[in-house]
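Lifted from TrEMBL, the feature list:
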type	residues	note
BINDING	ASN96, HIS101, GLU106	oxalate binding site
BINDING	HIS99, HIS101, GLU106, HIS147	Mn(2+) binding site
DISULFID	CYS20-CYS37	disulfide bond
DOMAIN	51-201	domain 'Cupin type-1'
Amino acid sequence: MALASSLSSAYDPSPLQDACVAVDDPKAAVFVNGKFCKDPKLAMADDFFFSGLHIPGNTSNPVGSAVTPVNVAQIAGLNTLGISLARVDYAPYGLNPPHTHPRATEILVVLEGTLYVGFVTSNPENRLISKVLNKGDVFVFPIGLIHFQFNIGHTNAVAIAALSSQNPGVITIANAVLGSDPPISIDVLTKAFQLDKDVVNFLQSSFWWDNN
């Protein structure tokens, strides 16, 4: 029992950035998993403060949405606390495109408007779980799964998202697959999507808007 207990409680810390490559020489170390901590005696109120979440994001873009993040990049005091949030603004028929958060589960509450939201389960089912949300409704997107929000109303919509990481990350699917730098090999994409090379060339040459 003791052996089983010790094994079950042993685990690696969750990653807090895209990569943390090991180095053998401590003098060459630049990053830690997360951010370096200041002396707690030097902590100030401003280390735990952010102002401006009442200001609507600029939704005059091709997808019609804007995300205002409040994570460890905006509030240094969030370091090691495993939580962050974001404001999401949607123009009428605006879309927060299909994306994932590699390091966080998201819980979304609608403040204004009507949103059609959903996520897709992992292989092999790839089942769409979706719902229409109104003001005051709450929906959860499990960690790592592709999800989206679409404003199906005739007016602007606003939502607040809470995420279970100080730095949840975001991978917008179209941007990552079709707008990577350098581009993914066209041979890979034509076979993956079963599309003609001209179609893939067109998609790769398109401008993929980042609403974050």
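Each residue, glycine too, has its Cβ placed from N, Cα and C.
What TrEMBL says about a protein is an automatic prediction, not a curated fact.
Same-chain residues at least 6 positions away in sequence with a Cβ under 8 Å from that of GLU106 (oxalate binding site) are, in sequence order, VAL140, PHE141, HIS147, ALA161, ALA162, LEU163, SER164, PRO168. Counting every protein chain shown, the Cβ of HIS99 (Mn(2+) binding site) has 21 other Cβ atoms within 10 Å. Spatially, by CA atoms, the binding-site residues ASN96, HIS99, HIS101 include one closest to CYS37 (disulfide bond), and that is HIS101. For HIS101 (oxalate binding site), the same-chain residues 6+ apart in sequence whose C-beta sits under 8 angstroms from its C-beta are PHE141, ILE143, GLY144, LEU163, SER165, PRO168, GLY169, VAL170, ILE171. The number of other Cβ atoms within 10 Å of the Cβ belonging to CYS20 (disulfide bond), over all protein chains shown, comes to 13.
Residue environment of ASN96 (oxalate binding site) contains 28 other Cβ atoms, counted within 10 Å of its Cβ in all protein chains. Each residue in ALA86, HIS99, THR100, ALA104, LEU108, PHE141, HIS147, ALA161, LEU163, PRO168, VAL170 lies on the same chain as ASN96, HIS101, GLU106 and has a C-beta within 8 Å of the C-beta centroid of that oxalate site, without being one of the site residues. Taking the centre of the Cβ atoms of HIS99, HIS101, GLU106, HIS147 as the Mn(2+) site, the nearby residues of that chain (Cβ within 8 Å, site residues left out) are THR100, ALA104, PHE119, PHE141, LEU145, ILE146, PRO168, VAL170. With respect to Cβ neighbours within 10 Å, the recorded positions CYS37, HIS147 differ, and CYS37 shows the lowest count.
Counting only the Cα atoms, the space from CYS20 (disulfide bond) to ASN96 (oxalate binding site) is about 29 angstrom.
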